[in-house]
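Participant: Can you keep this structure in mind? I'll have questions shortly.
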């Protein structure tokens, strides 16, 4: 009789542990999906901010302003240089005339 009670408790405990792991798995998947959506939104916002060169054509203003898209430094305004990796105009660390 003692063995039957132990066996029944053991099965009950196994089911509880299995349910706990299943619940943790569901929470982990939900958290990962939520974080993935946040990262996608953040990437979209950054790309929209840094490609906001649509406001004026470079022909109208003569040069590209800070964080404007560029291919070479000569396209950027004074005190700005075309960043090699990101291809936008960044400050070239010079001050004055």
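Indices start at 1 and increase along the chain as displayed.
Glycine is no exception: its Cβ is also placed from the backbone N, Cα and C atoms.
I grabbed these lines from Swiss-Prot:
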- 63-77: disulfide bond (DISULFID)
- 70-82: disulfide bond (DISULFID)
- 76-89: disulfide bond (DISULFID)
- 1-33: signal peptide (SIGNAL)
Participant: Specify the count of other C-beta atoms within 10 Å of the C-beta of residue 70 (disulfide bond).
Facilitator: 22
Participant: Between the Cα atoms of residue 70 (disulfide bond) and residue 89 (disulfide bond), find the distance and write it as a whole number of Å.
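Facilitator: Roughly 6 Å, rounded to the nearest whole number.
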Participant: How far is it from residue 77 (disulfide bond) to residue 89 (disulfide bond), counting Cα to Cα, in Å?
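Facilitator: Per the Cα atoms, residue 77 (disulfide bond) and residue 89 (disulfide bond) stand 8 Å apart.
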Participant: Counting all other Cβ atoms within 10 Å across every protein chain shown, which of the disulfide-bonded residues 63, 82 scores highest?
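Facilitator: Most Cβ neighbours within 10 Å: 82.
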Participant: What subset of the disulfide-bonded residues 63, 76, 89 lies within 10 angstroms of residue 82 (disulfide bond) at the C-alpha level?
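Facilitator: Checking each Cα against residue 82 (disulfide bond), the hits are 76, 89.
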Participant: Any idea what the Cα distance is from residue 89 (disulfide bond) over to residue 63 (disulfide bond), rounded to a whole Å?
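Facilitator: Cα-Cα distance, residue 89 (disulfide bond) to residue 63 (disulfide bond): 10 Å.
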Participant: Calculate the distance in Å between the alpha carbons (Cα) of residue 63 (disulfide bond) and residue 76 (disulfide bond), and round it to a whole number.
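Facilitator: Residue 63 (disulfide bond) and residue 76 (disulfide bond) have their Cα atoms 5 Å apart.
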Participant: For residue 77 (disulfide bond), list the number of other Cβ atoms lying within 10 Å of its Cβ atom.
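Facilitator: Taking all protein chains shown, residue 77 (disulfide bond) has 14 Cβ neighbours within 10 Å.
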Participant: Tally every other Cβ atom lying within 10 Å of the Cβ atom of residue 76 (disulfide bond).
Facilitator: 23
Participant: For a quick check of packing: other C-beta atoms within 10 Å of the C-beta of residue 89 (disulfide bond), how many?
Facilitator: 24
